[in-house]
Amino acid sequence: MIILPAIDLKGGKCVRLYKGDMNSQEVVARDPFETALKFKSEGAQYLHMVDLDGALKGSGENLDIISKIVKNVDVPIEVGGGIRNIETIDKFIKLGVSRVILGTAALKNKELVIKAVENYDEKIAVGIDAKDGVPAADGWTTLSKTNYIDFGKEMEKIGVQTLIFTDISKDGTLEGTNLEQLLKLKNSVKCNVIASGGIKDIEDIKSLKKENVYGAIVGKAIYAKTLSLKKAIEIGGN
């Protein structure tokens, strides 16, 4: 199981949100570049980066920082947040990003997902950020009219190979993942499913590993020191 430490960017700093609320941000590190280097030194196999300004405004507010990390930190990186057209996807892929995450765009523009998968295949992931099983869009401010399982199946049919599932009510809470919803999705599709939101400690990592989940995104737990990244990678990889 791959462990992906998270760097969420807002105003050029690393922040964590509570339950996806943009007004609840806590600055957890002032220098995202140094944070990425630290994660690499601790054995990170992949980095998960989200441009929260972009998620809300639909534009790449933190592109310079992302670019610096991609070019100077020798670890595969996936990036999401505000990526809503093929030009932005092209830009990130050309920059050297290993995987581009579509969220709002996947809910609102299926044609974009089809085109992106045709062009970039496994380099396209879709983030399913759900409230009570309903995918949310526009920086988690609006709810869609579809069920998260149906949406996951629809993305699988298009050819998406990686889904990132977040229960927004768990995000940033350190309360553990919504394992029940996560496993329903995992058992409904053949895609690689990455767990995100709520992971607190090594027991959560062990639970996900036991269920053969493809990956786990860890954020607040690392910054709050309730989870050792090195230990998580050690457990996840064995």
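Every residue, even glycine, has its Cβ placed from backbone N, Cα and C.
Here Swiss-Prot flags Asp8 as active site, proton acceptor. A sphere of 10 angstroms centred on the C-beta of Asp8 (active site, proton acceptor) encloses 24 other C-beta atoms.
Per Swiss-Prot, the feature active site, proton donor maps to Asp129; the stated evidence is sequence analysis.
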Cα-Cα separation of Asp129 (active site, proton donor) and Asp8 (active site, proton acceptor), in Å?
15
